[in-house]
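This report refers to the structure that appears directly beneath it.
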Amino acid sequence: MSFEKLGLSADILRAVADLGYTQPTPIQLQAIPAVLQGGDLLAGAQTGTGKTAGFTLPILQMLSARARPAAANGKRPVRALVLTPTRELAAQVEESVTQYGKYLRLTSMTVFGGVSMVPQVKQLARGVDILVATPGRLLDHMQQKTVDLSGVEILVLDEADRMLDMGFIRDIRRVLAALPAQRQNLLFSATFSDEIKQLADGLLKSPALIEVARRNTTAETVAQKIHPVDRDRKRELLEHLVREHNWFQVLVFTRTKHGANRLAEQLTKSGIPALAIHGNKSQGARTRALAEFKSGTLQVLVATDIAARGIDIDQLPHVVNFDLPEVAEDYVHRIGRTGRAGANGEAVSLVCVDEHQLLQQIERLIKRTIDREVIPGFEPDPHAVAQPIRKNQQGGGRRAGGGGRGGRNGGGDDARQSARAPREPRDGGRAPRQGVEPKPRREGERGGRQGGGNGGDAINVGTSQRQPAKRQGDAQRAPVRAVQGTGAPRQGQNAGRGQRNGGVGGGAGGGGGGGERGDFAQRGPRPARRDGAGGALLMGKPKRD
């Protein structure tokens, strides 16, 4: 069946033809007619099956055929809302909307963290028909009352399973509460977990069910292979494979952000151009790395699981699991980056003795045994003893037991990571010299560590200096200088987690960089200072922005 028989308008068909598409994929054949009927939809489809066009094409068709509602209070409300788990996926979906709707008089935009809100506010004020957003930044706009969701006719939850994995369920519920009761709901997910079923039961009304592939399966067009290797020779083996087979456009997955950075640096030093993307990278750096990778100028892209969502390359040839994922379902998502839309792809996993249990979980999930191949010269030590896999300490995602979604504390989009126990605030440090006034700092300039500062560090805002503790029985801390806007000393203990604007340059205790909401930090008043070494507290004069 061709696109012409799916009930799409001539303008949409012309845009589809411009992109070189002639035959719809299986998910498109089923989803487009189902959405055009106006009912709710629950669709199970792996990444790379063409699911984005499966909902963007019918949405464009329906909105273009309906009369545009009158503007209320001078603002034209959003008519279709698409929620995605990551910035990259949001940008990819909006790009599809723009391409397929280029001959229509419909407007679209995307909003996500990591960039300034100001241009987004201006564009929203002009009115937008289709809004693609990440939950965190959308909540920012809702709180600032810069977006009108009262006229939403169609809601799409794209990659809903990933949003739940990242701990977005509370944010999703807050968004749903702001939407009109009468609307069409479309839920797309690569897997149908119990959580997805529960979400669907509460959201969808008598939905049509589409499942183009058996759940938790891998594409038949992907050739999967395991290369056993010692843990300390993985990088050497990766370099050997890339050079031996002359691989280009290789997407490599690591378990941690630090591991991604280290591997990319080592590959580059070895003469293999590589960059890393993860939640702690700025949005500009991530966008540039993706652009270079898609254009073919970058040979290897090293990514964490969440940062790779939204990478859409029609014929990505190679995916390498440098580290096996701790969650078996993520293996399906990872290798779904290749072998897309019928194209052939190769997924290689470098597995050391530490990961044998993870490999068993993956094979149990996909219900098949993956072929093993030992590369000559890289035979693993048969006497090697497995060591515990070091848990990632970069976020507080839902699966790891950390509440809430990743990114709010500067942990970036890589939210689904193991949480670490809270660290005690650091003691010690040099006290200001007698009679010398400490140089005040702006609130948030030194508060919190990058990537999710611990709440205890919030009391360092100001000069980041403490009086050394005196050991008299129990160690007693020296008085901490009060900071205007943070409350009494020791009340900043949870500021790293509670500060909503604690991203780049965030408020007291806020983490830096990569957080989905981290770019909208408010500059607070200057901290208090003492007159001389021990005089009265003087409040700094607020600085006008």
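Each residue, glycine too, has its Cβ placed from N, Cα and C.
Nobody curates TrEMBL annotations by hand; they come from automatic prediction.
In TrEMBL, the motif 'Q motif' annotation falls on 1-29 of the listed ranges 1-29, 59-87, 146-174. Residues 36, 43, 45, 49-51, 53-54, 57-58, 60-61, 64-65, 99-104, 210, 212, 341 of the same chain, all 6+ positions outside the motif 'Q motif' (1-29), place their C-beta atoms under 8 angstroms from a C-beta of that stretch.
Assigned with DSSP, the residues of the domain 'DEAD-box RNA helicase Q' (1-29) fall into helix, strand and coil as follows: 17 helix, 0 strand, 12 coil. Averaged over the domain 'Helicase ATP-binding' (32-210), the predicted model has a pLDDT of 91.
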